[in-house]
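According to TrEMBL, the features are:
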type: ACT_SITE; residues: HIS121; note: active site, proton donor
type: ACT_SITE; residues: HIS180; note: active site, nucleophile
type: BINDING; residues: ARG82, ARG174; note: substrate binding site
type: DOMAIN; residues: 58-200; note: domain 'Phosphatidic acid phosphatase type 2/haloperoxidase'
type: TRANSMEM; residues: 122-141; note: transmembrane segment
type: TRANSMEM; residues: 153-177; note: transmembrane segment
type: TRANSMEM; residues: 234-252; note: transmembrane segment
type: TRANSMEM; residues: 284-305; note: transmembrane segment
type: TRANSMEM; residues: 312-329; note: transmembrane segment
type: TRANSMEM; residues: 341-361; note: transmembrane segment
Amino acid sequence: MRLIEELNTLGVSGITLLQSNFPKSDGFFLTVTQLADPLYAFLFLVPIAAGLHTSFGTDILVATVVAEWSNTLLKWLLMEDRPFWWVRETNVYGKGDLARFPKLRQTPLTCETGPGSPSGHVMGYGAVAYCLVVWFIKMFVKNNKKLSARTKSRVVVSVWILYAVTIVLVALSRLYVATHFPHQCLLGALGAVELNTTSALANYATETGVLVAWVFTSPQSWVCRWWSRSSRPILILAALFTTLLSVGAYWLQRLLGVDPQWSIKLAFKWCESPDFLHVNTTPLFSLVRSCGALLGIALATPLAARSRVRHNPAIGLVCAIFLGWAFKLATETVPTGDVKIFYICQFLLHAVEPYLLLVAVPRLCSLGKSKLN
């Protein structure tokens, strides 16, 4: 038996154990896995963050987009199965006799159509939650003159412990819905988290945390300094490069004799209900959404200047939430009859959203605005 089959077999045992011991926990685990979905970050979290402060919204958006884009390419590279179809396709449990196969219960969120590893929910949530934690520490702990240094350190440690606990909960939710093996969740966490044991909690974790989020949102990272200060033409070229790289990854698989849609076919084959299948879980949709958002971020440059503009957070929240609601309605009205038109519309919508959030909303609600020195 290959190592991957041994890992999958152990993983299936863990999933069945989790499902059998918590048979009435659908509501809790489904809620956790929904909140960790990149779709929720695009629809709700990014608009709210942008409404509070442009730089905060930019950090959340960049972390979400880069995590999803890199995760999708890694999934195409690793080409691993998901539990709900692997138990039906493998020969580990014998052939033909379905009674010998483990019974994995499917939920409305089980039948994701992309490859399984690494976990996109764990990786994406880790990146986004890192930005939330750093923002919270900066706004309410580090700059709080009423707290002693000892109290600040305790609060910081508590917040990072809570961060780790929530990542574990997201991983458990992915196991519960039988859409990931444990090692895939672990790879998602490792893809998101890079701990620097020499710094850290004492410095409010500015050098600790999620690799993707830190690289693209921390001022200490040259990558963050580069994209936040780059001109619009440079970032547009970078966005076009990522789009071409995504297209190249798709066609490279075709040239190597690999069907990029292989996981979608298996999901359709073994999903118990067509209602459990969703187009926004396909690799192509993830890449289209990410590349469109990257172009929108590029169009919103110069980002460093945007983040220095102050506006009323209350007005910003109202505008951003309204925009998020309108964006959700727009995505639901995209025609699905023609695949090309569908993906073109999704690309354009996700390119427009960042521009409106990072440029239009601040302009609308920054009456009497002032710039930071």
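Along the chain as shown, residues are numbered 1 onward.
Cβ coordinates come from backbone N, Cα and C, glycine included.
TrEMBL annotations: computationally assigned, not manually curated.
Owing to the predicted nature of the structure, the values given are computational and were not obtained by experimental measurement.
There are 30 other CB atoms within 10 A of the CB of ARG174 (substrate binding site), with all protein chains counted. For the transmembrane segment (284-305), the neighbouring stretch richest in Cβ pairs under 8 Å, chosen from 153-177, 234-252, 312-329, 341-361, is 341-361. Following the DSSP three-state reduction, the secondary structure of ARG174 (substrate binding site) is helix. Note on the transmembrane segment (153-177): residues 11, 14-15, 18-19, 22, 25, 29-30, 32-33, 36, 106-107, 109-110, 119, 121-122, 125-126, 129-130, 133, 136-137, 141, 147, 184-186, 188-189, 193, 201-202, 204-205, 208-209 of its chain, located 6 or more positions outside it, place their CB under 8 angstroms from a CB of the stretch. Remote same-chain partners of the transmembrane segment (234-252), defined as residues 6 or more beyond its termini with a Cβ less than 8 Å from a stretch Cβ, comprise 69, 72-73, 76, 227, 260, 284, 287, 290-291, 294-295, 297-299, 301. Mapped onto DSSP classes, the domain 'Phosphatidic acid phosphatase type 2/haloperoxidase' (58-200) shows 93 helix, 2 strand, 48 coil.
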